[in-house]
């Protein structure tokens, strides 16, 4: 009986230890190993196919700030803004000219973004709405000449007056013309100042301009970026080291940028190309990606737990930080040694990146210096509409949903050399903001659900079942040991009564019945057996 109880106890303890070790140590390691072998950019894998040609479009929203009092602003007044949008586009991402380097475990490719107007989702807007915005060539051009080539201001002012006759600081145009179809730039004049101005169009320095013929160009914010080269990347494939999956090694065939001063950390590539992330990240590491539009790597950091279609995930968020307060961001200042040259909190100076007086921020200056909001009318920053967020599953490296939001602003200032710009106020004027959003549908979430989470649920159920069974076994063994100890027979030893020879002492004692020694035999009788007593348990 004791052998069975001992076996039951040992087996139960073994099951308990197995459930703990397998459920919390061995199985997660096996699962991570299996994921690491599947999630690579090796040719022929499902991940490679999904990564190179995204099988679904992202949602791309554009919101434009219509200036309702342009004449007042031209005279130095406070801008009043009206947000118009969203104008909705389907954004398709693909990668072409892929070249693998097996030895370095990298793949090089050219990124391409294609925007297709989604008229149905844009309703009631049509894209033909007339909007008033700062002149997209005169204002940036005049400001940059004043800052960097003041000696050429007279020549530039004359050229602008010829190429854009009767131009004002603000222009009116249709949304699709401003952003995609383009606004006409007439470079047909033989005047020297006009030719000098137009030379930057012919040389390709104005990347937003498309040459139509020998003398005319079309300028738009996004037209040239549509279905065209968005940069040449080299990233890690993650075959040799899964932790480096998607990490940017080169951009434009360069191992680092040469944009920011002092060759500091700001020129380094940190993170992926934003279309893939390595599996098995720790939440404290953050999600980093290089963004060519900003010439910068941005990191999103853990905020809280979240869920998507019933699957647990982690919510990450980001902002542009405060270059003055954060020493690691000092290299984004014009002069890292002079903090007065740093952009305001929550903004980033894009001039070194785009060669124009542009400032990046979160929409409506969310999480930025409150003065920026106070300088204009019509802004209402809030987390729900304007924060950047990502709901991310760490083990598989899957972003379930995300909203990448960014606002572009004009770093406006008066320009003495151009009559139409002399009275402008000095402030940061919002132009437009965009949102690039993704929400995985059931087809792709089910791939994660039935490969990852189903296995995790089975493992969780199995380990708790084994733990419960081990507790039942331990309890049963304990009960059997207890029951056995409760029925033990204990034989009491006989009492020995010694006879004394001290007569004097005995005479002083009261009369007592005679005592006989327990081991003394009475003639003619047999000694009785010692009685057994069952000890009662108290």
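Easy rule for this one: first residue shown is 1, then count along the chain.
Backbone N, Cα and C define each Cβ position, glycine as well.
Of the given residue ranges 440-460, 461-481, 482-502, Swiss-Prot assigns the label transmembrane segment to 461-481.
As annotated in Swiss-Prot, transmembrane segment covers the listed stretch 8-28 rather than the other ranges in 8-28, 29-49. Comparing C-alpha positions, residue 66 (N-linked glycosylation site) sits nearest to 353 among the recorded positions 266, 331, 333, 353, 441. There are 19 other Cβ atoms within 10 Å of the Cβ belonging to residue 353 (disulfide bond). Counting only residues at least six positions away in the same chain, the Cβ atoms of 113, 114, 115, 180 sit under 8 Å from the Cβ of residue 226 (N-linked glycosylation site).
One residue stands out among the glycosylation sites 66, 441 for having the most other Cβ atoms within 10 Å of its Cβ: 66. Among the recorded positions listed (213, 266, 342, 441), 266 has its Cα nearest to the Cα of residue 295 (disulfide bond).
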